[in-house]
Each structure stands twice: as structure tokens, then as C-alpha cells.
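Straight from Swiss-Prot, the features:
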BINDING   151-207  ATP binding site
BINDING   Glu281, Asn283  Mg(2+) binding site
DOMAIN    125-310  domain 'ATP-grasp'
Amino acid sequence: MIKLGIVMDPIANINIKKDSSFAMLLEAQRRGYELHYMEMGDLYLINGEARAHTRTLNVKQNYEEWFSFVGEQDLPLADLDVILMRKDPPFDTEFIYATYILERAEEKGTLIVNKPQSLRDCNEKLFTAWFSDLTPETLVTRNKAQLKAFWEKHSDIILKPLDGMGGASIFRVKEGDPNLGVIAETLTEHGTCYCMAQNYLPAIKDGDKRVLVVDGEPVPYCLARIPQGGETRGNLAAGGRGEPRPLTESDWKIARQIGPTLKEKGLIFVGLDIIGDRLTEINVTSPTCIREIEAEFPVSITGMLMDAIEARLQQQ
């Protein structure tokens, strides 16, 4: 029997209709895995050994009562076959410390999804720089004068922090906007923090597409998140409307170009953000949108994921 651990935000607070981690747990349980639930505070290191307080978990598709704990134990993380690291951002120092603990278990043979080193290496905004032929024009800087020059060149730009999620602190600055200076000061914290600028992509009106990639293989359907009511942001957390769709030819091209690098880096479950035919982000920490896509199309993304995990476990 495969022992699967998951590190996530409190399961009591999730919306099971939309929660991808919950979808993963349902599929793992359907396959007879033993589920071990952990929150960040349950992980610890003792004399170099990664351990955790885990609670054995049952889940069910019930909106009133979707989980129950059936046991608890303190164990070495190496006792688990696989651990899903599904803690939502912020990607802060606490998150980084947790990846070091998980890495100690990985060294003892536990499969960590996604690979701890790659979680640290692949910032969701900056990692797109390795695929610059696929992205919009992109500037990463702390320098207000550089941001101003970029804006003057493109006249309509998007500014965002490197550590945001859910569309937080994303600004559109159009030609003639008097607020560029204060936005630049806010995002760079007066020149002490990097931010990202990209030329505005009018294709956002048709949606910001979330394309999921499982161990290098693109899922054939995506979720387009369409901005509502004059918004620039399509993020569901910012009020965007989700519309599942088949991948376009350019979606396939982008996902297939990036897929081998993701697989090589142990990034087994990844969400690409694509606007039109441009890659804007590579989400590696806790990608979502499984449930919305599975509800609309005949595809089991969680099945693809568990198949990939089982294949990797057999290779070890």
C-alpha cells in the first residue's frame, strides 16, 4: 500500500468544490493509498532526521463533512512513499525552511511533489525568463527610471510583485496615467524590492488560461479565467469567471516546449498561465483548477498525477 502524505493549509477551511488538493486526496484514497495529513507546524527536524506529527485521513465528497481523522502518529517522513507539498503561497522563509525538511526525507527515498530544490529555484514569475521566446516583453528591476522607460516604450503595461498570488497587487498602467510613480514606489518599496513589468496583452479579454502539466505532459484541457466588469485580472480570486476549454495549438506548443524542463526538475504538477499565445507565469507551489476542468471534460487530471507518481515510485 502506498503511503501518501500531504502538507496543506487547514483542510477544515477548504472549498471542496474547487480545491485541487482535495481532488488529489479523493483519487489517492480511491486507489487504496493510506493518507497522512500534515500542516506546516507538524514538520520538524531532530538531529537531521525529518519527522512529522501526521493524522491518518479519510475524505469524502460531502459538502457538510468532507474529512475525518482516523488516527495520529509521530513518524519519520521517510516512512511515507510520497509527500504532496500543497501549502499555498506566500513563498516566504517559513516555506523555504519546510522545503529543507522535506529535502531530508527526499534524500532517504521519499518522493516529494514538487521537488524541494526546484520549489526554491523556480520562482513563479522569474522562471519564465528561461523561456523568454514565449513570454511578453518583460523587465525585472528595482529601478523606477527603468520602469518609466519601459512604460514609455510600450505605453500600456502590467506591473506586479514577484511574490504575489491570486492577482494581488497587479497594476495596469496605461498611457498618460499619472500614478506610475507611486505604483513603482509601492511595488519596489522605494527601490528595495524587485518587481516585474510586462507589456499589456489585449488577449486578456479572452481569458488568462491555466494549462496544467503532469510530469511533463500537458493536460489537453485548460481553464480560461475571464476578467469581469472592466477588470484587468482574470484570477478567480480577483472575481474572474472560469471557463474550461480545449488547448489551442499555441497552448500545446508552449506546454510541450516547457514540459521536458519541468520533468527534469522534478516539477511533477505545474500550472502554466498563458494569455493569448504568451506565457506569463509558471506556477509550481500549489497549482489549482483541477476540479473546474474535470467537471466539464472527460479527463482525470488526478488520475494522470497518481499514474505519474506510481511510475516514479517504481523507477526508484
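The backbone N, Cα and C atoms fix where each Cβ goes, and this holds for glycine too.
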Most crowded position, judged by CB atoms within 10 A, among Glu175, Glu281 as binding-site residues:
Glu281
In terms of DSSP three-state secondary structure, what is the assignment for Asn283 (Mg(2+) binding site)?
strand
CB within-chain contacts under 8 A for Trp151 (ATP binding site), separation at least 6:
Ile157, Val173, Leu180, Ala197
Rank the binding-site residues Leu159, Ile183 by how many other Cβ atoms lie within 10 Å of each Cβ and give me the one with the fewest.
Ile183
Compile a sequence-ordered list of residues in the same chain as Gly191 (ATP binding site), six or more apart from it, whose Cβ lies below 8 A from its Cβ; state 'none' when nothing qualifies.
Arg142, Asn143, Lys144, Glu185
Leu159 (ATP binding site) and Glu281 (Mg(2+) binding site), Cα-Cα, nearest whole angstrom:
13
Which same-chain residues, if any, lie at least 6 apart from Asn283 (Mg(2+) binding site) yet have Cβ under 8 Å of it:
Glu124, Arg210, Val270, Gly271, Leu272, Asp273
Should Leu159 (ATP binding site) be counted as helix, strand, or coil on the basis of DSSP?
strand
Using a 10 Å radius around its CB, how many other CB atoms surround Asn199 (ATP binding site)?
17
For the domain 'ATP-grasp' (125-310), what is the mean per-residue pLDDT, to the nearest integer?
95
List the same-chain residues at least 6 positions away in sequence whose Cβ sits under 8 Å from the Cβ of Gly207 (ATP binding site), in sequence order, or say none.
Ala224, Arg225, Ile226, Pro227, Gly234, Gly240, Glu243, Ile275
Can you count the other CB atoms that lie within 10 A of the CB of Gly167 (ATP binding site)?
20
